[in-house]
């Protein structure tokens, strides 16, 4: 008789999880369709990433995207996969991608009620050296009764109904944030399904790791450099923080989520508005952080409170464990006190409901 003991027979897959949440909400099923289609794209990208060398997908395609990054062959493939799968979900009306100058308006016969902003392959500069890369996405509900347009994507992050990222590393992990929490799913290649491995994830109140590209230190605001020095040489003689930086936002943020600490990509003299894009990098990751009990700020305001004016808008980013971010803001506010009043320290807003709650209405 065959021993099936090593195999779990009642596994919680992402599809099952979404269907259960949809049943609880009594929803229409559109969000389920959208997430299932997005997962199919992520599985295909995961496979392409692992076969890139054999399939000759490494290298540069000979062009740059709208934000000035050199476009890699995997970028193009990933972008096409996400766009085509989201179109075929019949759940979206507007798509915003890092790779496209303008928003993509879905054909009338395929339209649904959701707006999706995404970076199909974050950290693509790391492709050739095999470092971890990822896909980032944020999902909004269309709020106007007009014909779909680019303006439908210009919503603050507080309006997100779901957001998350896929990390293509030693395994493929999908982190999905909704109003009811943050859940992590790992791709099991043997059955081709994402399996729930961490439910209702919470970030530590305080970590011991900071993540920033110190190569830009000479162009940083003095408050940034002061904070970094305090992490290296604590004034109270406590243990210094460890420095970790991959250069792929998804990889650096996921480590911060798992271990606690702080991730910084601040503005500098060369990039006074920051470098990361608000709609498809900052907002989705900030949403994940807040739903996990952390904080995400520009230094001057919560990232999720920014009302965007254009789809490729940039923003500074400081996010992570609550106590670490608050410590940064104390230093930042003190440094700026001469020119403006100090800002109140934000509190964790993980339990606040956005305008539209995925667990209340969406499926």
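Every residue, even glycine, has its Cβ placed from backbone N, Cα and C.
Of the residues 50, 141, Swiss-Prot places 141 in the same AMP site as 18, 19, 20, 21, 22, 28, 29, 30, 31, 32, 113, 114.
With 119, 122 listed by Swiss-Prot as binding Mg(2+) 3, the candidate from 214, 226, 281, 290 annotated for that site turns out to be 281. Swiss-Prot lists 119, 121 as binding Mg(2+) 2, and of 98, 99, 147, 150 the one it places in that same site is 98. Per Swiss-Prot, the residue annotated phosphotyrosine among 210, 216, 227 is 216. Those residues of the chain, other than 98, 119, 121, with a C-beta within 8 angstroms of the mean position of the Mg(2+) 2 site C-beta atoms are 75, 78, 79, 97, 99, 118, 120, 122, 124, 135, 136, 280, 281. Candidate recorded positions: 125, 215, 248, 265. Nearest to residue 18 (AMP binding site) by Cα distance: 248. Residues 18, 19, 20, 21, 22, 28, 29, 30, 31, 32, 113, 114, 141, recorded as binding AMP, reach a greatest CA to CA spacing of 21 Å. It is 215, among the binding-site residues 22, 29, 215, whose Cβ has the fewest other Cβ atoms within 10 Å in the structure shown. Considering other CB atoms within 10 Å as the measure, the emptiest surroundings among the binding-site residues 98, 122 are those of 98. In the three-state DSSP assignment, the secondary structure recorded for residue 141 (AMP binding site) is strand.
Between residue 275 (substrate binding site) and residue 121 (Mg(2+) 2 binding site), the C-alpha separation comes to 16 Å.
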